[in-house]
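Worksheet: the structure to be examined is printed underneath.
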Amino acid sequence: MPADYSSTARALALPISPLETPSSPDQHVERPPWSRRISSNVRRANNSASPYSNQPTTSFKDQILRKAEKLQRKFVSTWQKLSPLQKCLAVGAAVLNIILIALFLVYQHQIFASLAPFAERWRDMRGGWMILWAMTFVAAFPPLIGYSSTITIAGFVYGVPKGWAIVASATVAGSLCSFLASRTILSSYVHRLVGKDKRFEALALTLKHDGIKILCMIRLCPLPYSLSNAAVATFPTVHPLNYALATALVTPKLFIHVFIGSRLGSLAGDEEMDASTKLINYASIIIGAGLGATVGYVIYQRTMARAKELEIEELEAANGDVAAGRRVAAEYSDANNDDAALMNDDDISLWDNEDAQTGYTDFVDEDEADVFASGDLDEEGNIGGKGKTAGT
């Protein structure tokens, strides 16, 4: 029996589970694939699947139908928000535009004939081009309007080569001066004017990555001329000389407006023009206007798509930095726990006294007296003996 008690005590003293060993520094836990950032190469490879991809995932016809439905819903929602007075004014403006277009088509010859002498006197005036140059220059400052009209007048009065040279030089100079003024003396007004415009907020992010390229795209977008000058001035990463360079690089787009003006001048100056020539001029005007609007719209869509793509990349980079910081903090915490375990295992107390009486332990030394040799049985025997003695 004592031997059985000793073996049982030794068995109970054994640990139930193996001791944890400190993690090896060579072992690294591999992160799951979903936690990794998408590289730029993979993103470009899968760009067609992105909602902001420049490549259409549907047919051109479906895109046109979708755009038409979107415009219809927007028109209906806007119309429902108008008050009765606003609806009456909107209907009146639409009717007035139809009447003006009809009058222009009917009396176009008389209108152009009355404008022809005026254009001729302006063209023959000494220094007359400076008036047009000044008009284009002033139209660059916010919130003035009329920039497109001045370009068309340049083509109407001076034709394609000379008219383009006048408005191109005035555009570059006016844009630069408007940029500097919007960043200095007009800064508070500009921030109130365009500071909360979502279009320009989206374009601000792209300038951090694409530089002169995105500046050229902004200049090609069909945005209000004076407002775009003011908005770009609020972007701190844009240098004035870079902005002037981008404006100069996109001045060839002015040929479209100048060409339309020159065709109008031809219709006004030649009274004996036959029907076929007039038809060609009108077709040229319509094609030029449609081409300019289409190019501007496509560039605007691609610019905004690029802005959304860069915004997603910025968010991914920020989320990746946060995840990396949390992972490093977790690894640091695990390392501290491992060091503490090692210190506890190797801890040697300098105050141990082998002669002192130790406390309770589950381990039994065979050399020591068997603690179960005398115990409850002897005590019960003694009690039983005393009982018998008392009974006798």
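Cβ coordinates are placed from backbone N, Cα and C, and glycine is handled just like the others.
Taken from Swiss-Prot as is:
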type: TOPO_DOM; residues: 1-87; note: topological domain 'Lumenal'
type: REGION; residues: 14-37; note: region 'Disordered'
type: CARBOHYD; residues: ASN46; note: N-linked glycosylation site
type: TRANSMEM; residues: 88-108; note: transmembrane segment
type: TOPO_DOM; residues: 109-126; note: topological domain 'Cytoplasmic'
type: TRANSMEM; residues: 127-147; note: transmembrane segment
type: TOPO_DOM; residues: 148-163; note: topological domain 'Lumenal'
type: REGION; residues: 155-264; note: region 'VTT domain'
type: TRANSMEM; residues: 164-186; note: transmembrane segment
type: TOPO_DOM; residues: 187-240; note: topological domain 'Cytoplasmic'
type: TRANSMEM; residues: 241-261; note: transmembrane segment
type: TOPO_DOM; residues: 262-278; note: topological domain 'Lumenal'
type: TRANSMEM; residues: 279-299; note: transmembrane segment
type: TOPO_DOM; residues: 300-392; note: topological domain 'Cytoplasmic'
Closest-packing stretch to the transmembrane segment (279-299), where packing means Cβ pairs under 8 Å, from 88-108, 127-147, 241-261: 241-261
Segment-level pLDDT (mean, integer) for the topological domain 'Cytoplasmic' (187-240): 76
Treating G and I as helix alongside H, and B as strand alongside E, what does DSSP give for the topological domain 'Cytoplasmic' (109-126) in helix, strand and coil? 16 helix, 0 strand, 2 coil
